[in-house]
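Per TrEMBL, the features are:
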type	residues	note
BINDING	ASN108, HIS113, GLU118	oxalate binding site
BINDING	HIS111, HIS113, GLU118, HIS159	Mn(2+) binding site
DISULFID	CYS32-CYS49	disulfide bond
DOMAIN	63-213	domain 'Cupin type-1'
SIGNAL	1-22	signal peptide
Amino acid sequence: MKSAQICLTIAILALASSLASASDPGPLQDFCVAINDTKNGVFVNGKFCKDPKLANANDFFFEGLNKPANTSNSVGSKVTAVNVQQILGLNTLGISLARIDFAPKGLNPPHTHPRDTEILVVEEGTLYVGFVTSNTDNRLFTKVLNKGDVFVFPIGLIHFQLNVGDGNAVAFAGLSSQNPGVITIANAVFGSNPPISAEVLTKAFQVDKNVVNYLQKQFWSDNN
C-alpha cells in the first residue's frame, strides 16, 4: 500500500516538473525590482545558491508529510506546503508539493497560484473540485473526486476543493514551481492591508456599501 502511494507521488512530481520554457524564467516571487547598485542587491529571482561542495542530503529532505494537519479553522482545511522554503534543494528545480487536509465539509477556498500548474490526487475521502477559466467565458470545470482520482488546475486559474464526504479527506498536490505563491480570493479582496476602497468594491460586486463593510470586518482565515 505504502509503495503504491510513493509511486503515485513520484508520478505527480514527474508530471509537475515536465513543463519547460524557452523564454525568460518565470518570476519566483511577486516582484523583483531591478537595482543598479549591487551593494544593496539583496534578492535574486529565487534564492542564492550554496556551494555545491557544501550540499548534503538534508538539503533535499523533508519529513512529516504523513501527519494530519490541524483543520480547526473557519474553512475546515489546512495546506502543508513543501516548497523551497522547506526544502532548500528545490531552488531552481521548478517543482514543489503540498498536502491538503480537510475536516468534514471543509473547504480549500477559491484561490489561485500565480506561478504554477497544479496536479492533485485524492488520498482519502471525496472532494468536489473545480476551476474557472479567464474572462470573458468564465467557464466552470468541476468534478467529484474519490480516492485515487487525479485532477489538474491550469496555471493562474481560480480553483477550489470542497470535502463532500462524510469523514475527513486528504489530498496531495504537485506544483510546477519551487515557490508557487497563493492568492486566496476572499482574503485578498476583503482582507487586504490597507483595505480596498468600499467605493471600488461596491461597484465591482454591485452590492450595498453595508455588505462590503460587513465583509471587510470579518476575520479571513488563512489555511496555508
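Including glycine, each Cβ sits where the backbone N, Cα and C put it.
As the structure is a computational prediction, the values presented were derived from the model and not from experiment.
Features recorded in TrEMBL, as mapped to the structure shown.
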{"residue": "CYS49", "record": "disulfide bond", "Cβ contacts under 8 Å, 6 or more apart": "ASN91, THR92"}
{"residue": "ASN108", "record": "oxalate binding site", "Cβ contacts under 8 Å, 6 or more apart": "VAL75, SER77, VAL79, ILE100, PHE102, PHE160, GLN161, LEU162, ASN223"}
{"residue": "HIS111", "record": "Mn(2+) binding site", "Cβ contacts under 8 Å, 6 or more apart": "ILE158, HIS159, PHE160, VAL182, ILE183, THR184, ILE185"}
{"residue": "HIS113", "record": "oxalate binding site", "Cβ contacts under 8 Å, 6 or more apart": "PHE153, ILE155, GLY156, LEU175, SER177, PRO180, GLY181, VAL182, ILE183"}
Suppose the Mn(2+) site is HIS111, HIS113, GLU118, HIS159. Which further residues of the same chain have a Cβ inside 8 angstroms of that site's Cβ centroid? THR112, ASP116, PHE131, PHE153, LEU157, ILE158, PRO180, VAL182
The rounded CA-CA distance in Å from GLU118 (oxalate binding site) to CYS32 (disulfide bond) is 24
Counting other Cβ atoms within 10 Å of each residue's Cβ, which of the recorded positions CYS32, GLU118, HIS159 comes out lowest? CYS32
